[in-house]
Amino acid sequence: MDELQNVTSCISIYSINSKGLFKGDNPLNYSIPILLLQSFLASFTAIVTSVILKPLGIPVMVSQILAGALLGPTFLGQINDNVLKIFPTRSFQVLHLYAFVGLIFQLFVIGVQMDPMMVLKTGRKALIIGISVVVFPLIFAITCAYIISRTIAVNYDVSKSLVKVGAIESLSSFSVIACYLIQLNILHTEFSRIAFSSSMISGFISAFLAGAFIVYEDSGHNGEVLALILFMYLLLLVVVVCLLGPLIRWIIKMVPNGQPIKEGYLSFVLIGVLLLTLLCKYVNLRVVFAPIVVGLMIPSGPPLGSALVERLNFLNTWMIMPIFYTEHATFMTNLFGVEPMTAFFIQLVIVIGWTGKFIGAFLPALFYNMSYKDAVLLGLTMNAQGFIEITMFKAMYIYQFITLDCYKVMVISMVVVTGVTAPLIRYMHRSSMKYKIHNRRTIQHSEPNAELRVLACIYEEENVPAIIHLLKATNPSKESPIKVSVVHFVELVGRATPLLISHKFQRKASFATAVSQRIIKVFKHYEDNNKGRVTVLPYTVVSPYASMDNDACMLAFQKRTSLIILPFHKQLATGTFESGIKMVNCNILDKAPCSVGVLIDRGLLGGINYVFKNWLSYHVAVIFLGGADDREALAYGERMSEHPTIELTVFRFLTSLNKASETMERIFDDEMVSDFRERTAYSRHVTYIEEEVEEGVEVIKVIASMKDSYELILMGRRHDAKSQIILDLTDWNKCSELGTMGDIFTTSDYGGNATLLVIQQQTNFSRVSKKLSNDCEYR
C-alpha cells in the first residue's frame, strides 16, 4: 500500500451513486457514498483530535495530521483490515481529486491573506533575521547531508535524497508562521512582530528558491526549454495582472461602503481561480502558481478578501483539509517499514536544519538587543512547519526527488517539532506577560492636578458619541488635562498579518479602514476644540478577537493609563450581543493593569453633533454601596463635579449592620466619603444623600425614583457578596461584566435613558494577569 504508484486499479465511471441498501447495493462500491463516508470520518476524527489537544496549545494542523495518521496504516491499519475497506485503492483517484481542489483553494486563501507590499516595509532587523533564517540552515543541513552521503554507507536512493532533504528543511513559510502565532494568540509582542516581519523575508526567499528549483528541474536542465517555461509563467502573470486585476478592482468598486459583497462576485472569482488552474495544467505549468498569483492580486481585508476567506475558511479547515492530510500526508506513512539507521541519518539532517534555523534567528536577535527569552521564542517560532511544507514534501516525493522513507520521516518530524514547540512557546510567552506594576493606576489614587490617562476602546462607529460624551464629562482642564489613547479594534479577517497602527505617526496609513479614518477625524476634532486640555493618540489594531484583550492591556501598560473605557457589547434595544466583543471585554476586566469602566449607551445621545454642543446643565449620579469599585466611581464623580455645568448627586446606601461594622472595607468607605464631603462641602453642584435600607427592594425603590433626572450614572461593578442587600439582588446578576447594580439598570428602565458607567478599580498592581473569580470576596 505504501508504493501506490505501482498499484493498478480499475475504476468504473458508471459506479457513482448507489441505489441503496434496500435494493441490494453496497454503498462502499460507489464513488460518492464512499467519498462522503471518508470525508465524514476524516472531519470527525480531526475535530475530536483538535478538541482533545487544544488545551495543550497544539495547532489545528498537527491535530489534523494526527487524525489522518489514526485512520491510516500506521495505527488503525495495523489493527483492523476494515480500514482498508473504507479507503480502498480504487477510491484514491476521486479522493485525490477532492484533496487537490482543497489544495487549490487553500493556496488561494494563503495568497489572499498575504500582502506582498509588506515585504518592502520590513526594517533592517527583520531583513537580517529573515535572510539568516534561510542561509544558516542551508549551510548547516546541506553540509551535513553531503558529508553523510560521501562518508557513510547508506541506501543509495536515500543518499541522493539527503541534500534535497536538507534544502527543503531550510525553507520557511510566512503563512504557516503567521497562522501559528495567531492560533497561539501571540500577537503584537516584540518577538511576534519580528517573527511576522522576518518570516515575510524568509518566506519570499524560500518561495524564490523553491520556484527556481522547480523551473530548473522542469526544463530538464535545457536552456531553451528553461527560457520557454519562464516565458509561459510570465505570460500567465501578465494575463492575471492585466485582465483579472481590473475586474477585481471593478468588483471592489461596485460594493457599497459597509455592505456585504454579492455572492455572484465571489462565485466569479472562485470560478476564475479554477479556470486558471486548468489553464496551467493544460500548458504544463505547475498548477500551484495560478491560485497563489490570483490570491496575491486580491487586496487583503474587506470587502472582497475578507469575504472570500470567510466563505472558504470553514470549508477548507474542517471539511477538505482533513481529507488532504489523510490522503496526502499520512495515509502512506507506515512508519513500521522504515529502517532505523536510515531514519536516523534522515533525522540527523533534519535536526541540523532546525538547529540552523534556530541559530539564524537567535544570534541576530541577540545582536539587535532582544532579550534572551524573546530570542529563544523567535528561534522556536521560525521552526514552525505546516500546510506549505507538507505540500512541498509530497511534491518532492511524487516527482522522485526524495524517497518514501525520507517523506515519512520528514512528515513525522514536522508533527513532532511543531506539536512540541507550540505548548513550549505558549508557556514561555505567558510567563513573560507578567508586567510588574508597583504603583496604583486608578482615578482615586491619581494626583489631584495630574494628567489623567485614559484608553478608549472602540469596536464600531456607534461607540464614538458615548465615549466623547464621557470624556467631556471628565472635565479636562489645563491644570488637569486628559491624554486619551483611542484604539479602534478591527477583527482580523482576510489577511494573515495583524497590525497595530499609530496614526500619530502614520496619519494616512494605507491599512486603516474608512471607518477608522472617520473615527480618528472625530477625535481629532474633539482634540482641536480642547487645545491644551485634551491630547488624543489614535490607534488601529487589526487582530483576532482572542488577542484584542492583550493588545488593550499592553497599550494601557505602556501608556500608564488609569482607566480603560469599554463599550458594552449588548445592544439594549434588540437584546442581541456580539460574542467576540463580550469575550474581549471579559478578558480585559480579568487582566487590566488599571481601572476599567464598562460604558452603556442607552440612547440618550442624539448623535455626534449633540455631544459637541455646550451643556447648560448636566446631571450625574453616583450609586455608592461600598467597596473599592464604588470608591473609584465616587472619585471619578468628584472629578466630574468640578465641571461648571455638572450637578453631582451621590446616593449612599447603608444598613444598620453596615453602621455597626468595623471591617477594613467599611473604614475605607467612611474615610473616602468623609474626605469627599469635606472637599465638596461648599460646592453648590454637589448633593449627598444617605439612604438607610435593610433589604434589596428598598434600593430598587430609590433607583426607580431617579426616573429621567440624570444624564450619567456611575456605579461600581463588584460589592461584598455577603451583604444582605447584594444577596437580595442576586437574581438580577445575569451579566457578570456589569455586576449586580449594573445589571439592574440595563435590564430595566430605571434611570431612564441615562448613560451608565460600571467601574472596576484596579485589582492587582504586581502583575497584569490575576484571575478574578466569581467565588472571591466581590461579586
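Placement of Cβ uses the backbone N, Cα and C atoms for every residue, glycine included.
Annotated features in TrEMBL:
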DOMAIN    45-424  domain 'Cation/H+ exchanger transmembrane'
DOMAIN    486-609  domain 'Cation/H(+) antiporter central'
DOMAIN    618-763  domain 'Cation/H(+) antiporter C-terminal'
TRANSMEM  56-75  transmembrane segment
TRANSMEM  95-114  transmembrane segment
TRANSMEM  126-149  transmembrane segment
TRANSMEM  161-182  transmembrane segment
TRANSMEM  194-216  transmembrane segment
TRANSMEM  228-252  transmembrane segment
TRANSMEM  264-284  transmembrane segment
TRANSMEM  290-309  transmembrane segment
TRANSMEM  318-338  transmembrane segment
TRANSMEM  344-368  transmembrane segment
TRANSMEM  375-397  transmembrane segment
TRANSMEM  409-428  transmembrane segment
- line: Comparing 161-182, 228-252, 409-428 for Cβ pairs under 8 Å with the transmembrane segment (344-368), the winner is 161-182
Message: If we skip the immediate neighbours and take only residues 6+ beyond the ends of the transmembrane segment (409-428), which ones have a Cβ under 8 Å from one of its Cβ atoms?
response: 53, 56-59, 61-62, 65-66, 165, 168-169, 180, 184, 186, 329-330, 333, 335, 338, 343, 346-347, 350, 354, 373, 376-377, 380-381, 383-386, 389-390, 393, 402
- prompt: Is the count of Cβ pairs under 8 Å between the transmembrane segment (95-114) and the transmembrane segment (194-216), pairs 6 or more apart in sequence, 3 or more?
  reply: no
Same-chain residues at least 6 beyond the ends of the transmembrane segment (290-309) whose Cβ lies under 8 Å from its Cβ atoms: 104-105, 107-116, 236-237, 240-241, 244-245, 248, 251-252, 255, 259-261, 265-266, 269-270, 272-273, 276-277, 279-280, 493-497, 511, 513, 542
Long-range neighbours of the transmembrane segment (375-397), counting only residues six or more past its ends (CB under 8 A): 59, 61, 65, 103, 106, 110, 129, 133, 164, 168, 171-173, 175-177, 179-181, 191-192, 194-195, 198-199, 202, 210, 288, 321, 325, 328-329, 354, 357-362, 365-366, 403-404, 406-407, 410-411, 414, 417-418, 421-422, 424-425, 428-429
Message: Within the domain 'Cation/H(+) antiporter central' (486-609), count helix residues (DSSP H, G, I), strand residues (E, B) and coil residues, in that order.
response: 45 helix, 33 strand, 46 coil
Task: Could you put numbers on the helix, strand and coil content of the domain 'Cation/H(+) antiporter C-terminal' (618-763), residue by residue per DSSP?
output: 60 helix, 35 strand, 51 coil
